[in-house]
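> Just dropping this structure here.
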């Protein structure tokens, strides 16, 4: 009897030791650099995050170092009109958010997130070099204006410039959908303590994005305006190289998720099988399934079907981001053009209008720590949720604040135009003596809107997407930015056409236009979007595959 008790005791001790050994390793299916289950103590978690944060910070500095002031480069250096420059910038930015679909498919189906980020970083860097050359080599950029005669870019000059820009767009397509998911992969979803840290990771990930954006909005824009575009584009190119190096330095600490096959193929199989069976009658002998048992295009697994259902439930939430992106895109285009016609001098120092974008990013740098350390613990007392607000609640708050931002922009423009009329500056197009710092609230509010909407969206699509489609769903979420930029470009084109002689957005002199009407139009679109989002959010059922 004693020997039996001893044997049971030994078995219990052995089982306890096995359980403790298992807890030493991540249990979410990830592997380390050697292909083994990753040891929690030496891989992933916050240990791996500094390298991912540094990579994202430097890459975003490079991207925004181009994007923040690109409209000024088109108008001043390439001698484009305001409308043409805005279209070029919005189309390029839209493409930067369409290419993530390519990167996501490659990551989920073939290379995994790590190698996708690595390979597309090389493409990105090549594009940065081409863009820098187009601004530095005399034969690759248009000659300076002689009086009112401004020569346009030649075919060769345009080819080099746009090749660089669209290589950057392709390169960012392999990074955008993968890096946030790759960072979240460093936290074991089966470990409750690591799940809580992952929610905080998304806040600080967005924080690091905006550190890069802040430097771009201040230092880089100032360099571009005062020291030229050669140096202004060279610095972002160097930082893109640093971003790639930082990512590789963290390799021994990373946890890797294996690619799980093409998610597009899986979705197509479900849709094709559903279509084939839509008109079929239920057979009397349910055991006679023919070749359906071996043909995935005729019979899919329950998991495949549930994954497609999840994607369909995400569509209304996804679509709400399109109008938000229309509003948010104005900080790179028409906010800048508005600021260009306002008083921008402090003594002898002239403020570049794109520099006001620093207040968009400054609001993020202020809001994220306050949200993560103050608001979340406070709200947690009332909601009982570890993360404070749900992802959908965060997104809804962001939509509302973005409308406030455009409302303030419309009011500022109304005052500016009235002042232009009072001082007889409408026809001359001279600077209106309204201080550019009146734009600060609209930039600050839009930055705060991003903290709520973008971070909520990143976390929502990561948590609610099937495991095999995480990169794809991240890219799908980013696609709303593309559609928002394209829609904004379309709205500008339609407004310019329909407003005729009384053009709301004139080619050269916005004192003679009605940019305020355009901003009020966007306020209306955003206001309609909010109740639609709330309706579908209430109906949404949270599920995991």
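Placed from the backbone N, Cα and C atoms, the Cβ positions cover glycine too.
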> If you look at how Swiss-Prot annotates this chain, which of 180-200, 201-221, 264-284 comes out as transmembrane segment?
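From Swiss-Prot, the annotated transmembrane segment range turns out to be 201-221.
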> Have a look at 231-251, 294-314 and point to the one annotated transmembrane segment in Swiss-Prot.
231-251
> Report, as numbers and ranges, which residues of the same chain sit near the transmembrane segment (117-137): CB under 8 Å and 6 or more residues beyond its ends.
55, 59, 62, 66, 73, 77, 103, 111, 157, 160-161, 163-175, 178-179, 182, 229-230, 232-234, 236-237, 240-241, 243-244, 247-248
> At a Cβ cut-off of 8 Å, and with pairs 6 or more apart in sequence only, do we get at least 3 pairs between the transmembrane segment (346-366) and the transmembrane segment (201-221), yes or no?
yes
> Relative to the Cβ of residue 116 (phosphothreonine), which residues of the same chain, six or more apart in sequence, are found under 8 Å away?
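Listed in sequence order, they are 103, 106, 107, 174, 178, 471.
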> Using a threshold of three or more Cβ pairs below 8 Å, and leaving out pairs closer than 6 in sequence, do the transmembrane segment (315-335) and the transmembrane segment (89-109) count as in contact?
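These two stretches do touch.
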> Please give the sequence-distant neighbours of the transmembrane segment (155-175): residues at least 6 beyond its ends with Cβ less than 8 Å from one of its Cβ atoms.
59, 63, 66, 78, 92, 95-96, 98-103, 106-107, 116-117, 119-134, 139-142, 475
> Which listed range (315-335, 395-415, 436-456) shows the maximal number of Cβ pairs under 8 Å with respect to the transmembrane segment (475-495)?
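When the Cβ pairs under 8 Å are tallied, 315-335 comes out ahead.
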